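Peer 1: In case it helps, TrEMBL gives these features for our protein:
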- 44-66: transmembrane segment (TRANSMEM)
- 73-91: transmembrane segment (TRANSMEM)
- 139-158: transmembrane segment (TRANSMEM)
- 170-200: transmembrane segment (TRANSMEM)
- 220-237: transmembrane segment (TRANSMEM)
- 258-281: transmembrane segment (TRANSMEM)
Amino acid sequence: MLWWAAFGAIWLSFMAYVLTRWITGPYFQRVPVGPSDPPMYMKVFLMTLQVTMIPAMVGLLWWFVIRPWRRERTVTVDGALTLAFCTLFFQDPLSNYFGPWITYNSWSFNRGSWVNSVPGWLSFGAPGATVVEPPMTIIGLYVVIMTVAVRIGVATLRRVSGRWPQIGKVGLALICYCVMFVFDVLFEGVTFMPLGVWTYVGGHFSIFADTYHAFPLHEAFLVGFLLTAYTFLRYYLDDRGRTIVERGSERVKASPAWHGVIRALSILGAVNMIFLGIYVLPHLFVGAHSREWNQDTQRRSYFLDGLCGGDTGRACPGPAVPLVRNDNSGNGGGSAYVGTDGKLHVPTGTVLPSQVPLNVGTGQGHLGSS
């Protein structure tokens, strides 16, 4: 358990470091909508999310964290999971590390995002032109959706186990996975993406292909595993009501309050490790191998986040467009890139390496030659 708690503490520290760099640095500014105006139905839905998601998150924190603490002075499993879900927003854009394949609608209130404050971040970003994360939507949305999905998953497992007691863990996992796969397709592919919240414009094997709401099936494939893992974490408790990552807490000599902190950190560490391993790391491959961005998305500046297309002078990602290396200083440096004119462009202040001539002839390859 202490290993999970240690990872949870380290992860929180890493989050604090990156978010502080972002808030105090040059990237903490709005990414504008651009010349395209989102349709009214998008604006209504985006505004509804911004108004409701934070209160919904606060309500869940009250119900699962504060209320049990006031009554019993303890952190319940559901409370620890709710707290852990509050941190998942941080990982949401990280699969764009090598190249952008996910974008958010910049009409929502935003201050860019923290991606260019992540150490070693490679994909392009500049102040006012970077991957957008709408904080009033995404922080609370993760808490709400994960809570709903896990409760659906647990209810499914209980119902199936009650009806077919002989079914094993593998059977339960397969059934849960199918439910979570369908849940994600309905939640993302059928509802939120057509309403213009975000795009998976660089994804592959998409339904609704060649539209701004093209939904890649590898998204539901991985999210199915992700939500199944969270469901199993919540469903399989020991006789003391502890998850697998909390077991052994009785060997820690600490006050009840500190026991609660350690248990919460353990679950937080597990929840973030699961998200990192199942969702972010596999999708790094997608960001590095983006499909060509479809025309429907490229016509809508509010989905481009100032990253490419339009009047940015940068070609949007695709198999024919090489990846770039951003310097993340906010000074406009970084590697050369392909422009919208199909030509190579070198940012101001960037110096390309000079061509070093080859040695010609014999006898010039000995040690110490120059």
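Indices start at 1 and increase along the chain as displayed.
Even glycines carry a Cβ here, placed using N, Cα and C.
Curation does not apply to TrEMBL; its annotations are automatic.
Looking at the shown structure, what environment does each listed feature sit in?
Peer 2: Note on the transmembrane segment (73-91): residues 11-12, 15, 18-19, 57, 60-61, 64-65, 114, 133, 135, 138-139, 142-143, 146-147, 150, 230, 233-234, 237, 241-243, 246, 256-257, 260-261, 263-264, 266-268, 270-272, 275-276, 279-280 of its chain, located 6 or more positions outside it, place their CB under 8 angstroms from a CB of the stretch.
For the transmembrane segment (139-158), the list of distant contacts is 49, 52-57, 60-61, 64, 81-82, 85-86, 88-89, 92, 172, 175-176, 179-180, 183, 187, 227-228, 230-231, 234-235: same-chain residues at least six beyond its ends, Cβ to Cβ under 8 Å.
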Peer 1: Let me spell it out: take the transmembrane segment (220-237), skip the flanking residues so only those 6+ beyond its ends count, and list any with a Cβ under 8 Å from a Cβ in it.
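Peer 2: Sequence-remote neighbours of the transmembrane segment (220-237) are 77-78, 81, 146, 149-150, 153-154, 156-158, 173, 176-178, 180-181, 183-185, 188-189, 243-245, 267, 270-271, 274-275, 278-279, 282-283.
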